[in-house]
Amino acid sequence: MATIDGDVPMEPELEMSDEELEREAEGFKEQGNAFYIKKDYAEALNYYTKAIDASSKNASYYGNRAATLMMLNRHRDALEDAQQAVRLDDTFTKGHLREGKCHLCLGNAMAASRCFQRVLELEPDNTQVQQELKNAASILEYERMAEFGFEKRDFRMVVFCMDRALQSASACHRFKILKAECLALLGRYSEAQSVASDILRMDSTNGDALYVRGLCLYYEDCIEKAVLFFTQALRMAPDHEKARLACRNAKALKAKKEEGNRAFKEGNYDEAYKLYSEALTIDPNNIKTNAKLYCNRGTVGSKLNKLEQAIEDCTKAIKLDDTYVKAYLRRAQCYMDTEQYEEAVRDYEKVCQTEKTKEHKHLLKNAQLELKKSKRKDYYKILGVEKTATEDEIKKAYRKRALMHHPDRHSAASVDVQKEEEKKFKEVGEAFTVLSDPKKRSRYDSGQDLEEDGMNMGDFDANNIFKAFFGGPGGFSFEASGPGNFFFQFG
């Protein structure tokens, strides 16, 4: 007889007979059933496992544990138990039904259909399995539609199909990944990240989920972080072609953008323009990065004095990302430089709605002032001088224009021409009155309303200004010196 320390006899372990093991297994099963009914699935799983350990050849024990694992959303484990159950007993209807449900939940509709067909062979009137067959057929149809939609780049259609398919295939990672990828391609990054993160919590080595996380970061212009995820995805799945292509594009885009930035900082604007243009051809789907590239190219264009082209690039940037404040600011400045003040005001107003800083409010106020000034008569343009013209230049310009438009010079012209020249003569006098007076000119340049300041421009007489300017004791007249030619003569 065996002993333990102290020479105390130890009772020998007696092996249980098959019949006793079966009774014990049945007891465990009954306990498991009781916990299952109470929805205490963790305890039910524990007792069904004990039953299997006691009697591993009973199909119903595996079937019951499969049902419990399904309730715990452990469908892959449940599938293994259901398959073992039907291997032990091919006529076990519940085993085939549960195997089919596991296949369906995991997204394998073809395998599920085969299981359901076997149930119908065993029980032709089983109404439950008839509905499951319809569910399997629906999933196959949604898969077909999603594949077609993806080829046509109709990503909204793919998301719709995957949402419908996931109602029956709730544990299918493949469907979730496809949905997440399309959400990323639609710019719905937070939703895509949420789906991918859920999968990675269950399986941290899932290459597809790692790829989608990287894709979201890539499209949000976090390129360095994106490359890390793409690299990790390729480590988990070396043949992942999408991750390989995305990783290559990300690295190329980052390198080309940095080259462009470097050329810009060095003042090599032509080279910077070329590099930004090349970067824009790498991946048309990367909306945020391309928006920045268009804005950068617009900045270069403004440096090269290609203002209309710069405006066009900024507009493209805004079309890609309508929240891109920097693009609005750059375009607004280009509008200011090309005297398109209404458009500039509109852009600055948009900026102030988003970021109402002191600087932005100042820019808006300045644009509004220039817009107001642009709606008045342009006295500098009327005289044909620059805004920096000196007093002598203004006098010379007035002399030339006043003589050109004086009514006497056009006395032989048609009535319409006379009226037009008289109008221009008056405008020339009005312009000279303001620009020749330093105080009036200063107020005009600052955008002040001259009439509000008591200067009624309609009260002056252009002829009096002309007489005062040209003056002379004997008056003045225009004399013909040939057909269509006149000269001014003092009396």
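Note: Cβ is positioned from N, Cα and C throughout, glycine not excepted.
Feature annotations, courtesy of TrEMBL:
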REPEAT    25-58  repeat 'TPR'
REPEAT    93-126  repeat 'TPR'
REPEAT    207-240  repeat 'TPR'
REPEAT    253-286  repeat 'TPR'
REPEAT    291-324  repeat 'TPR'
REPEAT    325-358  repeat 'TPR'
DOMAIN    378-448  domain 'J'
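This prediction places the mean pLDDT of the repeat 'TPR' (253-286) at 95. Counting same-chain residues at least six beyond the ends of the repeat 'TPR' (25-58), those with a Cβ under 8 angstroms from any Cβ of the stretch are 64-65, 67-69, 71-72, 88.
Away from its own ends, the repeat 'TPR' (253-286) comes close to residues 185, 218-219, 221, 223-224, 227, 292-294, 296-297, 299-301, 303-304 of its chain (Cβ-Cβ under 8 Å, at least six residues beyond either end). Across the repeat 'TPR' (325-358), DSSP assigns 28 helix, 0 strand, 6 coil.
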